[in-house]
Amino acid sequence: KHNIEPRNPESYFSLKKDPYKNKTRTDFVKERRRVKREYDEFKVRINGLPDSIRRRSDAYNAREEIKAMRILREAPRSGDEAMEVVKIPKATWMADGTHWPGTWEEASDNHKRGDHAGIIQVMLKPAADVCEYGDNEEEKLMDLTDVDTRLPMLVYVSREKRSSYDHNKKAGAMNALVRSSAIMSNGPFMLNLDCDHYIYNSNAIREGICFMMDRGGDRICYIQFPQRFEGVDPSDRYANHNTVFFDVNMRALDGLMGPVYVGTGCLFRRVAVYGFDPPRYKDSHPGCCSCCLPGSSSKKKRKRKAAAEDEEESRALQMGDSDEEEDHMINITFPKKFGNSGLLCESIPKAEFAGRPLADHPAIKNGRKPGALLLPREPLDAPTVAEAISVISCWYEDKTEWGDRVGWIYGSVTEDVVTGYRMHNRGWKSVYCVPKNVDAFRGTAPINLTDRLHQVLRWATGSVEIFFSRNNALLASSKMKFLQRVAYLNVGIYPFTSIFLLVYCFLPALSLFSGQFIVKSLNLMFLLYLLIITITLCGLALLEIKWSGIELEEWWRNEQFWLIGGTSAHFAAVIQGFLKIFAGIEISFTLTSKSGGDDIDDEFADLHVVKWSSLMIPPIVIIFVNIIAIAVGCSRTFYSTIPEWTKLLGGVFFSFWVLAHLYPFAKGLMGRRGKTPTIVYVWAGLVAIIISLLWVAIKPPGGQEPQTFTFP
């Protein structure tokens, strides 16, 4: 009614700007206060539910025990027979008298987290009408005349879980949602949001659908929106906003086949998720598949056969073949690929047709006539819900292509990147949609150093898995453009740059320890080369900043965390990948200690929490090695008969350059008010002692000969 943005009440009522600005209706002030009061009351009720449910359940369980005892007493028994102890299974009771087995403290078998049947709860039926506001005459104070009060269907889904079954984590959950929603609503487009994200701009979805329904939009598989975060510290110490990636890299990819899928804030075309090829691709790219070339191997022939089957299915689906051919697809072809649910297979052609652009122009091919979708929706009855429950069972995906060529792809920590890669590999395009002025979605990000490193470790581990899998961009089909292939190749390669990065971080220290500069001499050619490289890098940075509109400080924060993550999480991911692939050993980096963060009134208290992790070892070693090297280099130069200031200045400059990049990491180790874990000092002292002993062994005092070590 009042065009409120954002629609999320918690976010809206927390805004610090004037809520009455640009509001012209006279009843806005009164209605805003009313809704604010009701929302606060609603939060109190929700927060009190755990306690009220427990008290209600205890009362109901006690009543059931009394009933059972009464029945047992009234039952006939012999005189010497002792009365049995009554054990009534505990249950959790709702206010309407419904209940489920087990309590919050003691879950029952087959009905607990990780071990339960599929659950579907229809909260709102399709296009539910809310005609009036309030339950009685006194509450009907809000005028909703000429306001569309219809609410969309709202369904809670929890797929079946069994302890002995591999559920494929997020990818498996997404595929279960795709199947159940196909049976219950079958919208041609699907919005994917993580649980910590919410819609900040209610018009963002419309903007994404405009791309899909535009001329040529039927070849777009998804619309990726940038991720924006709340709750990040003002200085963005660990580059949580990731602005260089979302405002530079992703915009650049939009000029190719489109941005990569980042796991959230993405609007999908349902048919593209089903693994079909884009329409009209074969007509515009004849003989495009490299596996169709003469002399291809048997593996390529199998790949060619699968690709041919997919193209045939896609072409038949998009051309609207005869009823006999459509029946053949639904009854014979689709069950092998999508499972044996008849309703699911029947929904696929309907979703494809509903997602076509409107044929209101002669240039639009494969369009649909205006008004073709103005058909009454089939009622959501009990058999339909039962079918939706069956497709979220554990066994449904067996002997199907779900997770392999259909839906979200299994087998990788970064299933989002792999899923987007498979779509681009089929010839689909994606679009990067950045709404002007207002963010589309907002979420939360880890502001703690260790949590951030573990997040980066998970991403990097997934990239290493991609590099050593069949999803490596080097093996992509010719449907993918060359530069898009290079972009995906970079996704799998970037963790390996940590090896060279570690070497570069130790080179200045090695120069100061040895007394020899990185190059033989600081001659004119080297200085000129260094100047050209520096100016080029600065120019590229300025171009990125000016083109994308990000701030210089944001760019510098990204550069700092690139070094922090590269020397810790990326290097650990490479080690993990090699051990897993070549030795079959899986290792994990876990949190071991925690300190700080005791101020609950501080919004950014988690920023000062120090959780020790083995990922911190390489950056700590780099920091102390460079600090000790600077001290060693300065002492040698100061007390030298012929001081070589140029070598000292060169080495100190590059060491300080490394330390400047690691400054946020060092600041994070200090916690709040310098509360540093003891383990940090232990590691620092150990590293300093080892380096000092090595230095004494290599350069003994008093002109003595260096020690030699003989190994048997």
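Glycine is treated like the rest: Cβ placed from N, Cα and C.
As given in TrEMBL:
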BINDING   Lys169  UDP-alpha-D-glucose binding site
BINDING   Lys170, Asp194  Mn(2+) binding site
REGION    296-324  region 'Disordered'
TRANSMEM  487-510  transmembrane segment
TRANSMEM  522-542  transmembrane segment
TRANSMEM  562-585  transmembrane segment
TRANSMEM  620-639  transmembrane segment
TRANSMEM  645-666  transmembrane segment
TRANSMEM  678-698  transmembrane segment
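Locations of recorded TrEMBL features on the structure.
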residue : record                           : contacts (Cβ under 8 Å, 6+ apart)
Lys169  : UDP-alpha-D-glucose binding site : Glu415
Lys170  : Mn(2+) binding site              : Gly263, Trp408, Glu415
Asp194  : Mn(2+) binding site              : Gly263, Thr264, Gly443
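Below 8 angstroms of C-beta separation, residues 253, 256, 260, 417, 421, 424, 460, 463-464, 466-467, 472-474, 476, 480, 518, 563, 566-567, 570-571, 573-574, 577, 618, 622, 625-626, 628-629, 651-652, 654-655, 657-658 of the same chain, each at least six residues beyond the ends of the transmembrane segment (487-510), sit close to that stretch.
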